[in-house]
Amino acid sequence: AGMGSLLMVPIFHTITGLPPYMGMLAGLGFLWLLTDALHFGEDRDHLKVSSALKEIDNEGVLFFLGILLAVAALNEAGLLKEIAFWLDANVPSEQVVAGIIGFASALVDNVPLVAATQGMYDLSVHPADSPLWQLIAYCAGTGGSMLIIGSSAGVAFMGLSEGATFGWYAKTVAPWALLGYLSGLATYIMTHAEVVDTVVQQVADTVL
């Protein structure tokens with residue numbers, strides 16, 4: 001039943017047009033009802049979905065579920081497209097937009113930022129393998145490490161270690177994380193610049 005629910009997710013998405021995670025939630029609900037019906041009685045509670053859910057990190061699941069639902073709501077309302085239009089009109093290049101997203105991910109978790117950018121830019125204009133998505137993935141993923149609150153891993157680490165405070169991280173780790181972020185960003189832009197491609201092509205033509 002569990003494998004069947006997962007296999008039904010693409011079909012659910014095709015028929016309803018809803019995001020795949022909604023299909024996964026529907027499958028979870030179906031499994032919940034099924035296990036409650038099959039394993040009726042307190043002596044079989046350990047075989048129910050409700051028992052399995054007690055063993056996982058519900059806070060993390062609800063956190064990401066809330067993010068996905070909020071981003072989907074913003075996308076349906078058209079706000080993400082308006083932000084994309086404003087950025088295109090006021091920011092000189094998409095590389096700068098990706099850099100801004102990296103700095104923003106230091107304050108806000110990178111998952112909602114990346115999810116939001118997926119609703120901002122049309123895949124017909126920027127295909128999945130375009131440099132824009134590569135740069136956004138790098139900036140959001142690396143930029144989140146500049147502050148301890150910028151990633152789920154950082155927040156979890158702060159909760160597990162008493163000495164891992166915001167101030168300690170800002171003094172000892174953040175400067176190096178910022179240096180690494182800017183270095184990686186500059187390296188990516190330089191290696192993908194048209195000037196560099198032209199020089200490499202000229203060198204290759206000369207050698208060959």
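Cβ coordinates are placed from backbone N, Cα and C, and glycine is handled just like the others.
If you check TrEMBL, you get these features:
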{"type": "DOMAIN", "residues": "44-117", "note": "domain 'Citrate transporter-like'"}
{"type": "TRANSMEM", "residues": "21-41", "note": "transmembrane segment"}
{"type": "TRANSMEM", "residues": "61-84", "note": "transmembrane segment"}
{"type": "TRANSMEM", "residues": "96-115", "note": "transmembrane segment"}
{"type": "TRANSMEM", "residues": "135-160", "note": "transmembrane segment"}
{"type": "TRANSMEM", "residues": "172-190", "note": "transmembrane segment"}
Recorded stretch, among 21-41, 61-84, 135-160, 172-190, maximising Cβ pairs under 8 Å relative to the transmembrane segment (96-115): 135-160
Close approaches to the transmembrane segment (61-84) from elsewhere in its chain (Cβ under 8 angstroms; 6 or more beyond its ends): 19, 21, 25, 109, 111-112, 115-116, 119-121, 152
Positions whose Cβ lies under 8 angstroms from the transmembrane segment (135-160), at least six residues beyond its ends: 60, 63, 94-95, 98-99, 101-111, 113-114, 117, 166, 169-170, 173-174, 177-178, 180-181, 184-185, 188
